[in-house]
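Following: one structure in structure tokens, then a few remarks.
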């Protein structure tokens, strides 16, 4: 029932729509209109009253009820200067030679005809005075043919817009349209690519490709065979790179909201560029640095040329005196003549130089490239590591951090001794510090590869997977390090406080569960910037410094507050530990006290290094930065990673236990065999002695339990008596 009702209503709606179109359509007076056809040519125009021809300079066709504009429909019109076709939902096709031999026609506009799917080849033919052609908001799927327009008008304007089904601009698309200068507004179409030699045979003043949301490819040779463009606008497009040919004539480049354009072609191709409106500040840095180097090189070339010319002038004056002919009575009179000739030669050479090489005319003001957006506080015009001495330190520190922590992990994990809770926690700490070392290694490597040219690669690095990975490593490593240090401190405090109560000590299973919580927390904190809460892309050193929105600001503040809380917990625990150690009534073991003192040095060293970073980061999180990003790199290199490279030496490499484990490990490769055997013997003796002691203790506990069990019946009998 419902289906039949729809089938009845749908044709009715179509008839109503068709009737409305018929009612709205008014046939122009100079045309002849019949069912499904319209004809406006020189014959119908001649029949129109001569006195009223001035009123038909503009012919407007709206709400056309026809489906096809046939060939020669507008052929030979003399008085019409503008033809507009719009709001025609039934128009589907414009045949070949529809607009033919219109020698006075200057404008054609076809707009809002979404059913128009085909414009035949040579539909626009022999239109010598055409200066404006607009085809917008149609359903055509192929780029319209322009090859037979043959316009001779200067400053031709072509507008192809909002045609969402055209996927490409083919090769030689504009050959034959005009040989004069042209402005092309090709915006908001469905273009996916612009093919090779697409703009062949054109002289483009301005090319607007703005808003083509699917345009990803402009062929390297798209502008081959043409001149221009002077103005190029690729804003709001997903293109990933600009063509290398045709850019030498570009004076104004517009590439705003072009986020996929992360790198630029070689900057020397932009020899005429005067103004640029781009997406990323680093691209403006690249242009500014290039212009400065270019001007400095010109000054250097001019200085070399001037010095060479001065040497030649001196030699030309001195050499005549060294020849036999120069010793004559006319010698005095020759000198002024020589000087005069030299002076005139200098003037002529200078004039010739200025004429042929105007860039060497330094009397003219320096042409400054206007570029936006300007570099901001987060993206200054500098390399990743701005200072030369930091480049040396960052390599030294990251190598220490990576090698030192890898050695600790290798030795501890391969040790023949039991993996105790402190050793397990140290392994976690070593891995966290190793991750921080990896972050520094990635930063140092990219800085080395992009030195003095970072601005050209900045966006590609900061928005790429490499920077995200580096940021993930440093946040994960730093948070896991702080978490592990806190657990180590609490474990030491708990062990020393309850030294005689062995059953209350932290077992390895409990330590694993606690560290699983730490890993989960650290992974969550490191993943949030990848999910949109803050971002690693804000700065070149890949730290989460984005605080523009409230969740991002809250994320930074929470991390910093947790680190500060951890610091105070560690301080409180070590105050209690030292008070207990100094108490003469304390019955704890010496081994625990020695470990506590070593851990105190370790942890206070770590937090001394992190204190400056926490202080400045908290001020920046509340949008009151006390230092610039450039100066923060000093903190990143000098303070932030010191703990990651110092920890393996403080808690492992400088200890006797580590040297013992290291010798045993090296004995597998044929080194330190004698010392390793001594360590193995002592280890075997210790295990044997401990085994005996534990057996005796077990026997004593067993006999004690037997005596207790034997005494219970006697007491019961005594009570019964």
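A Cβ is built for glycine as well, from the same backbone N, Cα and C atoms used for every other residue.
Remember, predicted model here, so these are calculated numbers, not experimental data.
Annotation source TrEMBL lists signal peptide at 1-21.
Residues annotated as transmembrane segment in TrEMBL: 384-412 (among others). Residues 419, 423, 426-427, 430-431, 433-434, 436-438, 440-441, 443-444, 446-448, 450, 454, 540-541, 630, 633-634, 637-638, 641-642, 644-645, 647-649, 652-653, 658, 661-662, 665 of the same chain sit 6 or more residues outside the transmembrane segment (384-412) yet have a Cβ under 8 Å from a Cβ within it.
Sequence annotations record features per position, and here TrEMBL assigns domain 'G-protein coupled receptors family 1 profile' to 404-651.
Taken from TrEMBL, the feature transmembrane segment applies to 424-448 (among others). Away from its own ends, the transmembrane segment (424-448) comes close to residues 383-385, 391, 394-395, 397-402, 405-406, 408-409, 412-413, 454, 461, 466, 469-471, 473-474, 476-478, 480-481, 484-485, 487-488, 491, 508, 511-512, 515, 518, 522, 541-542, 637, 640-641, 643-645, 647-648, 651-652 of its chain (Cβ-Cβ under 8 Å, at least six residues beyond either end).
Under the heading transmembrane segment, TrEMBL lists 468-490 (among others). If you look at the transmembrane segment (468-490), the same-chain residues 6 or more away from its ends with a CB under 8 A from one of its CBs are 422, 425-426, 428-429, 431-436, 438-439, 442-443, 511, 514-515, 518-519, 521-523, 525-527, 529-530, 536-537, 542-544, 559, 562-563, 566, 569-570, 573-574, 599, 603, 606, 610, 640, 643-644.
Feature annotation from TrEMBL assigns transmembrane segment to 511-534 (among others).
According to TrEMBL, the feature transmembrane segment maps to 554-579 (among others).
The transmembrane segment annotation in TrEMBL covers 600-622 (among others).
The annotation transmembrane segment is assigned in TrEMBL to 634-654 (among others). Within the chain, the transmembrane segment (634-654) has long-range Cβ neighbours (under 8 A, six or more residues past its boundaries) at 385, 387, 390, 393-394, 397-398, 400-401, 404-405, 407-408, 411-412, 426, 429-430, 432-434, 436-437, 440, 477-478, 481, 541, 543, 598-599, 601-602, 605-606, 609-610, 612-613, 616, 627.
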Given the transmembrane segment (511-534), its same-chain partners at Cβ distance under 8 Å and 6+ residues beyond its ends are 421, 424-425, 428, 432, 468, 471-473, 475-477, 479-480, 483-484, 487, 491, 544-547, 551-552, 555-556, 559
